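Colleague: OK, TrEMBL features for this one:
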{"type": "TRANSMEM", "residues": "12-33", "note": "transmembrane segment"}
{"type": "TRANSMEM", "residues": "39-62", "note": "transmembrane segment"}
{"type": "TRANSMEM", "residues": "83-106", "note": "transmembrane segment"}
{"type": "TRANSMEM", "residues": "168-191", "note": "transmembrane segment"}
{"type": "TRANSMEM", "residues": "211-230", "note": "transmembrane segment"}
{"type": "TRANSMEM", "residues": "250-271", "note": "transmembrane segment"}
{"type": "TRANSMEM", "residues": "292-315", "note": "transmembrane segment"}
{"type": "TRANSMEM", "residues": "327-352", "note": "transmembrane segment"}
{"type": "TRANSMEM", "residues": "359-380", "note": "transmembrane segment"}
{"type": "TRANSMEM", "residues": "386-409", "note": "transmembrane segment"}
Amino acid sequence: MFNTMLKYYTSVVLRGFTLLTKFIFIILLARFLQASDLGLYGLISAAVGYGIFVVGFEFYTYSTREIINSHKETLFFILKNQVLFYLISYTLCIPVFIILVYLNILPRGSEYWFIALLFFEHLSQEINRVLITIESQTIASFILFVRQGLWCWLAIATMVVYPDLRNITVVFIYWLIGTVFACVLGILYILNKKTGNNTIKWDWAWLKKGIRLSAPMLIAALALRGFFTFDRFAIEKISGLEILGGYTLFVSMTSAIQSFLDTILISFSFPKLARLYSEQKYIEFKSELKKFALKLILLLSILSICCFFTGYILLKWLDNLNYIKLFPVFILLILATFVYCISLIPHIALYAMREDHCILMSQCISFLAFISFLIMSIYLSEIYCVIIGMVVSFILLLLLKTLPLYNILNKVKC
């Protein structure tokens, strides 16, 4: 019992510290790097995050269920076939990588960093998911810290000791080393679980089933992630990397609100909501959903206010004109984040009720609305159109998820 609790709290502390590290890291980068370098970091981070969805195809949603519902002996059968799927996926993506280089979609020279980071970030993320699925949460949390936290502190320490090395290349080098090291640790741990030397065959039927089941989840994920990716490309297109640097700082701060909500509240509330609905305890489900909504709104309000004042104090400390003139953008980003986080209330409820179709349609429609605002903003060369488009699209997302939830809750028997 004691060992179980120790592992649990160790895992929570590691994840919390990793989250705090990412928050501090972006602030210190704003202090040490030029605004254009910070902008490039934000652009590559967003591109890597989106690229993981593309090459990964959300296939983990299928393989994870298979691992959970299968015997331990079949773990390496699933992993081997999953590796085969990713080999096919990366092969199909080679033309996309060539187009990236040829058309200069990313700033010249950064596309090679993007490809390397995408591969190892994706691999380390899949390793983390496997470790969590086989109930090795403590190891998973440690590897997550290596991947997203440890290298950040090493990079900052290098910049403090050697001021001449305060550039984006140093950041990319440490980032790549961190993800490679995380991959090595994870692979060694998983291979240590292997028993016997039985030859495992490819199972094409298994792969086809996984692709068919993962495709809808991929579409929904790409639509939702698109909000937090294409905004940066639009900002860079309109105003360049220096302005994008300020935008990256502020959007990283506001995204921390969602991360804290997920860590502190959502991850604990969702399992209970899903269990109550699956057991057809609809009265308890509605009661728990109301409690969840009230907690989220209260916590979200506190975090939003704290984010505003933290940003205000931070601007005084940084004393950088590129960041100061974007303070109105920061306020709009807080508003956009607030609306988006409110939309998580119906989203979590619909997800617990397995109403995937409602989630898919709402995210696709609102994303298409956002794309129309991005096109308009580039045509008008107006970055505020990007943020306003985000706010409007998130309001639409909230409505499109709330209406079906309201109808479903009215139909269920209490």
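Backbone N, Cα and C define each Cβ position, glycine as well.
Note that TrEMBL annotation is computational and uncurated.
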Colleague: Do any residues, 6 or more residues outside the transmembrane segment (327-352), come within under 8 Å Cβ-to-Cβ of it, and if so which ones?
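Modeller: For the transmembrane segment (327-352), the sequence-distant neighbours (Cβ-Cβ under 8 Å, at least 6 residues beyond its ends) are 227, 246-247, 250-251, 253-255, 257-258, 261, 266, 269-270, 273-274, 276-277, 285, 289, 292-293, 296-297, 300, 304, 307-308, 311-312, 315, 358-359, 383-384, 387-388, 390-391, 394-395, 397-398, 401-402, 404-405, 408.
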Colleague: Which residues of the chain, 6 or more past the ends of the transmembrane segment (39-62), have a CB below 8 A from one of its CBs?
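Modeller: Apart from its flanks, the transmembrane segment (39-62) reaches 29, 33, 82, 85-86, 89-90, 93, 96, 106-107, 110, 113-114, 117-118, 121-122, 125-126, 129, 168, 171-172, 209-211, 213-215, 217-218, 221-222, 225-226, 228-229, 232-233, 236, 240-248, 251-252.
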Colleague: For the transmembrane segment (211-230), what are the same-chain contacts with Cβ under 8 Å, counting residues 6+ beyond its ends?
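Modeller: The answer is 46-47, 49-50, 53-54, 57-59, 61-62, 85, 251, 255, 340, 356, 359-360, 363-364, 366-367, 370-371, 374, 390, 393-394.
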Colleague: Should the transmembrane segment (250-271) and the transmembrane segment (168-191) be scored as in contact, given a threshold of at least 3 Cβ pairs under 8 Å and pairs 6 or more apart?
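Modeller: No, since the transmembrane segment (250-271) and the transmembrane segment (168-191) share fewer than 3 Cβ pairs closer than 8 Å, they do not count as touching.
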